[in-house]
Amino acid sequence: MALLTLLTIAMASSTVSAQVPSSSSSGNATHGSPQYQNSATQIYLDHLNKTLAWNYLWALLGVIALVFVYTTLLRLNAHVRHLASMSNQGALRCFSKCSPTVSLIKSNILYAPLLHYRRSRELKFSQHVTFGRVPTRFQTIFISLLIITHVFASTWNIPWSDPELEVLPILRNRTGTLSVVNLIPIVILSTIKNPLIWLLDISYDTYNMMHRWLGRLSILQAIAHMICYLVATVRQKGWAGVKASMHAPFIYSGLIAGIALTVILLQSPKVFRALSYEFFHQLHIVLVMLMTIFLWKHLDGLPQRGLLLGFVIFWAAFRTWRFATLLFRSFGTTVSKVKVEHLPGGAVKLNISSPRPWKYRPGQSLYLTIPSIGLWTAHPFSVAWSGVEQPLSRNDSIKTVKEKAPVVSSRVVEMIETQGEQTMSLIVKKHRGLTRKLWERAEKASSPLTLNAYIEGPYGTERSLSSYGTVMLFASGVGITHQLPYVKALVEGFSQGTVAVKRMTLVWVIPTTECLDWVRPWMHEILGMEGRREVLRVLLYVTRAGLSQSIRSPSEMVRMSRGRPDVQSLMWNEMEQKIGCLGVSVCAGGGLADEVRRVSRLMLDRGANLDLIEEGFGW
């Protein structure tokens, strides 16, 4: 992918060199900005401006096309496996083994941490000072290729020894052009409305990582652009010339835009984002707007202004789209409401009612704004359950829940068709900011709170698990909110014969038994579903249970234990008994997620056909 970009830019730069006429036949180019280069250099830059940016954008489209072909082949393979596995038990055995080459790539590149085993656990200086997560080996390769591509694009075919062409103006123009053109992919990668999320089946978390790195490179190119101007001006006119040039709108507008970009770079590390994400996000938006205004003035009369206009159009379109989604989801015959219920274990349950129906799929999330808590903050949360709220007491029997299940489904359909209202349920753990304020207000209230809310979504693509013969789902704490909808969908599919799943294990690690109350009514409903006993096994691990505390397993298929799970034993045991391809999904804290990744790589080395899916919010 990076090779395609390199070749395209090389062709553009080579064409530019071939088109440069001699200095004797060139005139002074005027673009409304001061020129500090000879006429031959200016003609070189004129041709460069017409080719470099567009060739770069075409190269990016070529990369997207290649990734689309790759993901389409993966989807086709999963679809064929799904159909074959449902129609024939023998087909499941055919998919139990994996090609040695594919296993090698997955184990050593796609799923491998950069070094050793650490991947999801964040690097921390203290409890509140974190430096983020270590990228995977594949992500590191991608980031390295991204850096190499931009260094290449900035320096390729620079006439370092040409007596007629001046190096600094050419390098200044090249880095400035690339910095501006990068704003277009940066804004596309930054938004949850990014159409590439569902087109390429890549998570928003990954796109956010690409957004940060491409942004850093764009800012470094802008800084290089300013340094080239500074050095050239000092050589020609000295520091007095630099001071005098600051009175020109072209120069001071570019300087202010560059300062805004530099501040963005300095505030971007995770250590600052983690201290107060709301403050970081609002400051980030203000700085981007400041940069855009002054960069627009800086590019007056220059062809790069069209690129900045493209950036502004994309930004405005995505913002308008999100605002329209918020209005559509939040307002109708009624206004969306959220019922906040205090839960043990430092959590709250949020039941959101929307005036319009939702088309929700497992694994998706929504953005929630509660004006009375924080008007300018929109937080993403995984949707744990969708339907009509029907609380169950601890005394509800499995039989009673099973009898209620059809009624719940019919009520949901009837309600959506007549009223267009649906309930989305979230489990939110107390941290800082909005979540702590919610928990504190719910704790003080004698009954559940009902507040006005603004919602948008659902967002994210469903990573379908329907084609796997065996599925293992790992969760810790509130990570269960990501896995629970998959469990429900797969059990329903098993009873209806629409999925390939024949074995499914849910492993949930919690600190105390109080956390069971978070999902008790939903788990009761799942345990009462038809076919559940044949396909689902639930393993609960309580890490902080006292020796005097009674830990009892409700049944053979629902087991509760003290301590942490032996992930390797669980997964090896599942591999020995697995049917078909094994799908492993994990939404958990760093330690558990890293252990699942480590064991998955060991199983791949032994020839198992396995796909690892890790869900997490790293932004």
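Just so you know, the numbers here start at 1 and follow the chain as drawn.
Every residue, even glycine, has its Cβ placed from backbone N, Cα and C.
TrEMBL labels come from automatic prediction, so no person has curated them.
The feature domain 'FAD-binding FR-type' is assigned by TrEMBL to 328-465.
Marked as signal peptide by TrEMBL: 1-18.
The annotation transmembrane segment is assigned in TrEMBL to 56-76 (among others).
Here TrEMBL flags 141-160 (among others) as transmembrane segment.
TrEMBL lists 180-201 (among others) with the feature transmembrane segment.
According to TrEMBL, the transmembrane segment annotation covers 213-232 (among others). Residues 36, 143, 146-147, 150, 154, 166, 168-169, 171-172, 175-176, 178-179, 182-183, 185-186, 189, 242, 254-255, 257-258, 261-262, 264-265, 268 of the same chain, all 6+ positions outside the transmembrane segment (213-232), place their C-beta atoms under 8 angstroms from a C-beta of that stretch.
The annotation transmembrane segment is assigned in TrEMBL to 244-267 (among others).
For the transmembrane segment (279-296), the residues of the chain that approach it from at least six positions outside its boundaries are 180, 253-254, 256-257, 260-261, 263-264, 267, 272-273, 305, 308, 311-312, 315, 376-377, judged by C-beta separation under 8 angstroms. As annotated by TrEMBL, transmembrane segment applies to 279-296 (among others).
Annotation source TrEMBL lists transmembrane segment at 302-321 (among others).
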### Task
Give residue numbers and ranges for long-range contacts of the transmembrane segment (180-201): same chain, 6 or more residues beyond its ends, CB-CB under 8 A.
52-53, 56-57, 60, 64, 67-68, 71, 74-75, 207-208, 210-211, 214-215, 217-218, 221, 295, 299, 304, 307-308, 310-311, 314-315, 318, 321-322, 325, 367, 380, 459-461, 463
